[in-house]
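To keep things clear, I will list the structure first and then write my remarks on it.
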Amino acid sequence: MGLGKVSVRINGADCGIEAIMLGVVTSVGGSLFGYDTGQISSMLLFEDFIDRFGQTQPDGSKAFDTIISSLIVSLMSIGTLIGALSGAYTADWWGRRRSLSFGVFVFIVGNIIQITAMDSWVHLTMGRLVAGLGVGNLSVGVPMFQSECCPREIRGAVVASYQLMITIGILVSNLINYGVRSIQASDASWRIVIGLGIGFSLPLGIGILFSPESPRWLAGRGKWEESRMSLARLRGMKDDPYNELVLDDFKEMQQSIAEQNEAGQGTWMECFTSRPSEIPRLVYRTFLGCAIHLLQQWTGVNYFFYYGATIFNSAGIQDPIMVQLILGAVNVATTFPGLYIIEKVGRRIPLIVGAVWQACWLLIFASVGVARPPTEYESSGIVMIVAACMFIASFAMTWGPFCWVVIGETFPLRTRAKQASLATAFNWFGNFLLGFLTPFANDGIGYGFGFVFFGTNLGAAFLVYFFLYETKSLSLENVDTMYSDKSVKPWNSNKWVPVGYISRNTRDNAYWHRRSSILDEQRLHPGGDAAMGITEKSADEKDGSPRPPTSVQLETVLGAGDERRV
């Protein structure tokens, strides 16, 4: 049996093995982000790393000045911010697949620069900056590619797996750091850690070239037949491309994309003005995506992963790298329930509950650290470790994976790459601020920094409740239609059902059988307009909702008297 025939039933629908493998391969991009996040925390404590890149202190010893450690950690986030913005161009110019391969190539170049550093922290930091360009490019491309390719029945879980791989990357780096700490007096310790990142990136850079291209990117370029074949492969029906499920997916996608194609390519300015397309709530969605991703970083999770070993070392914990390993293990284990929750419960409620839960544990962490310093009270250190674990468990199940799903779903195709780039850039901007400011905060307000994260988590809960729409089980085109419907509010959006559906999970087959597709029209009118089947809107379509074609419209498409498809 060919690969094109292989599919499995998930959530009541056929999903191709290629779609599942695509999700696995692309999620490796997340492991690169996580691996770097986890590796730097412990490397800052390695003897050889400090001797080579640290600064001579007044007493003659070597240690990192606060500003230098901040720059080493945080400048990678500047690279990722720039890389995220560049991802809008590479994803649109070259296609989603080749853009991801380019991101891996840049990441490898950055790691090579780091490995070759000898005594200059500037050399090392420039390597981290370049590697950041690649990771930033991937952080835009991976969730967007997954969202555009995966069937709606598994889209949330697949995109959430990007965060799972981030957590696995963090855990793997912690394990490797724990393993090489016995040779931390040698430069092999940190060079091995950085070099292994190159090996972890190769499955993505090579494997992605064997995956189907995004059907929505192909359709956006007018390659309708290639788009349909890509959908067939992703449904596991390569040898049955005219299967009813494939055609219904194609028909559901075509109208929105064809209409957006007629309006031309979206611009950066359009993300902030909605002109000339005038797509409803376009600017709203730009700021929503940016705010959610900025707040994802300012939940405080990388406060523990960037500087956790340093924080717990200063708290008097005997083995801070072991504590970091425990946090990494909790992060991975609790991400798995998130993959289930996102498809069964949805997006909004877990994000709201997660933010409130995180705020509570951060309040405990900060209060105990300030009132009973762990350097004086051993029990305080234990309570703070428990609070950190409970916070990370919630983040891993909710805000970690769900935010990547949101940016993959929220934006219309016309401006999706640019809006996703902006949202991801704000993620990395928040990451930079956190990485840069934490050493100064530790020197100044100490554990009181946790009170800041307490407030940002509460703010995140309010943001989701009042502004984020529930997108569970909707196609990307129907997500766009829902955001465009001015009568729908975020708090009742879970009740919205698109036209052509009995419920969000059940299509009205009679409706879709009545719909013609662009490919039908191209066969009937080979020299005509590629978007011929997207007929002029009638009065009852002005609200943006698709309607079945009328008999007059069908005569225009099929030829007078030919109503075989009705």
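Indices start at 1 and increase along the chain as displayed.
The backbone N, Cα and C atoms fix where each Cβ goes, and this holds for glycine too.
Taken from TrEMBL, the feature domain 'Major facilitator superfamily (MFS) profile' covers 22-473.
What TrEMBL records for 67-88 (among others) is transmembrane segment.
Residues annotated as transmembrane segment in TrEMBL: 100-118 (among others). Residues 26, 29, 32, 52-53, 79, 83, 87, 90, 94, 124, 126-138, 141-142, 145, 191, 194-195, 197-198, 201-202, 204-206, 208-209 of the same chain lie 6+ residues outside the transmembrane segment (100-118) yet bring a C-beta within less than 8 angstroms of a C-beta in it.
Residues or ranges marked as transmembrane segment by TrEMBL: 157-176 (among others).
Sequence annotations record features per position, and here TrEMBL assigns transmembrane segment to 188-211 (among others).
Sequence-distant neighbours of the transmembrane segment (321-342) (same chain, 6+ residues past either end, Cβ-Cβ under 8 Å): 38, 41-42, 45, 156-157, 160-161, 163-164, 167-168, 170-171, 173-175, 177-178, 181, 304-305, 308-309, 312, 350, 385, 388-389, 392-398, 400-402, 405, 472. The transmembrane segment annotation in TrEMBL covers 321-342 (among others).
Residues 299-300, 315, 338, 341-342, 380, 383-384, 387-388, 390-391, 394-395, 397-399, 402, 446-451, 453-455, 457-458, 460-461, 464-465, 468 of the same chain lie 6 or more positions beyond the ends of the transmembrane segment (349-370) yet place their CB under 8 Å from a CB of it. As annotated by TrEMBL, transmembrane segment applies to 349-370 (among others).
Under the heading transmembrane segment, TrEMBL lists 382-408 (among others). If one looks beyond the transmembrane segment (382-408) by at least 6 residues along the same chain, the residues whose Cβ comes under 8 Å of a Cβ in the stretch are 143-144, 146-148, 155-156, 159-164, 166-167, 289, 292-293, 296, 299-301, 304, 308, 312, 315, 317, 323, 326-327, 330-335, 337-339, 341-342, 347, 350-351, 353-355, 357-358, 361-362, 364-365, 368-369, 374, 419-420, 423-424, 427, 447, 460, 468, 471.
Residues or ranges marked as transmembrane segment in TrEMBL: 420-441 (among others).
Sequence-distant contacts of the transmembrane segment (447-468) (same chain, six or more residues past either end, CB-CB distance under 8 Å): 284, 288, 291-292, 295, 298-300, 303, 347-348, 351-352, 355-356, 358-359, 362-363, 365-370, 373, 384, 399, 406, 438, 441, 490-491. Among the features that TrEMBL reports, transmembrane segment is placed at 447-468 (among others).
The region 'Disordered' annotation in TrEMBL covers 524-566.
The stretch with the most CB contacts under 8 Å to the transmembrane segment (420-441), chosen from 67-88, 157-176, 188-211, is 67-88.
Away from its own ends, the transmembrane segment (188-211) comes close to residues 18, 21-22, 25-26, 28-29, 31-32, 35-36, 39, 43, 46, 48-49, 97-98, 100-101, 104-105, 107-108, 111-112, 114-115, 131, 138, 149, 169, 172-173, 176-177, 180-181 of its chain (Cβ-Cβ under 8 Å, at least six residues beyond either end).
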